[in-house]
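To start, the structure under review is shown below, and the notes come after it.
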Amino acid sequence: MSKVYDWFEERLEIQAIADDITSKYVPPHVNIFYCLGGITLTCFLVQIATGFAMTFYYRPTVTEAFSSVQYIMTEVNFGWLIRSVHRWSASMMVLVMILHVFRVYLTGGFKKPRELTWVTGVILAVLTVSFGVTGYSLPWDQIGYWAVKIVTGVPEAIPFIGSSLVELLRGSVSVGQSTLTRFYSLHTFVLPLLTAVFMLMHFLMIRKQGISGPL
């Protein structure tokens, strides 16, 4: 085992990386409220794991979506638990994210030189809400269907381009299979990828600039 470690150490300098991580200075004013960002990350990882598990059984079609969710809840081993954890974690992620935004704002964590950290955080907040909007429609029940119809109909009030935006979101003039396919793709691929990229940027900036000081 020692030889294996030495082989990696010689090439990657693992010990130097570990020392940098473990020796980072933590200001004395930091309290439990400064952990809200990390809790949001934990919820996101839970979402990825449970969501990935459900993709094995979920069918993104208007005729089979609802029945596949029912199958997950009633037939798949621990499917009810996986989906429930996914829902609970989603709600907790939104709640903790909101608290995190308030904490950063109230403690002035958005001020110079951390403006870009704040911007990436706001983008992450928008992505988090987008997860909720797209995920809400995937069971394709009455609530999900009408929620999608209302949400995708909002841009229609925009002059000149409103109708085009609605058709772009829905994939057609009305809500249907194209809409579900779009929302499924957004929820399972586009949004997770964007969130992972912006989270990496967010944490690298925090790592570089450190935690903001007290008020």
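Any Cβ shown, glycine's included, is placed from N, Cα and C.
Feature annotations, reproduced from Swiss-Prot:
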BINDING   Cys35  heme c binding site
BINDING   His86, His187  heme b 2 binding site
BINDING   His100, His202  heme b 1 binding site
TRANSMEM  32-52  transmembrane segment
TRANSMEM  90-110  transmembrane segment
TRANSMEM  116-136  transmembrane segment
TRANSMEM  186-206  transmembrane segment
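Looking only at the binding-site residues His86, His187, His202, the one with its C-alpha closest to the residue listed as 'heme c binding site' is His202.
Within the same chain, residues 82-83, 85-86, 89-90, 92-93, 96-97, 99-100, 103, 128, 131, 187-188, 192, 195, 199, 202-203, 206, 211 sit at least 6 positions outside the transmembrane segment (32-52) and bring their C-beta atoms closer than 8 Å to a C-beta of that stretch.
For the pair His86 (heme b 2 binding site) and His100 (heme b 1 binding site), the C-alpha distance works out to 20 angstrom. Rounded to the nearest whole angstrom, the C-alpha distance between His202 (heme b 1 binding site) and His187 (heme b 2 binding site) is 21.
Cβ neighbour count for Cys35 (heme c binding site) (all protein chains, 10 Å cutoff from its Cβ): 14. Rounded to the nearest whole angstrom, the C-alpha distance between His187 (heme b 2 binding site) and His100 (heme b 1 binding site) is 23. DSSP gives Cys35 (heme c binding site) a helix state. With a cut-off of 8 Å between CB atoms and residues at least 6 apart in sequence, the same chain places Leu36, Gly37, Thr40, Gly121 near His100 (heme b 1 binding site), listed in sequence order. A Cβ distance under 8 Å defines the sequence-distant neighbours of the transmembrane segment (116-136), meaning residues of its chain 6+ beyond its ends; these are 40, 47, 90, 93-94, 97, 100-101, 104, 109-110, 143-144, 147-148, 151, 183-184, 186-187, 191, 194-195, 198-199, 201-202, 205-206, 209. Long-range contacts of the transmembrane segment (186-206) within its own chain (CB-CB distance under 8 A, at least 6 residues past either end) are made by residues 37, 41, 44, 48, 51, 55, 114, 116-117, 120-121, 123-124, 127-128, 130-131, 134-135, 138.
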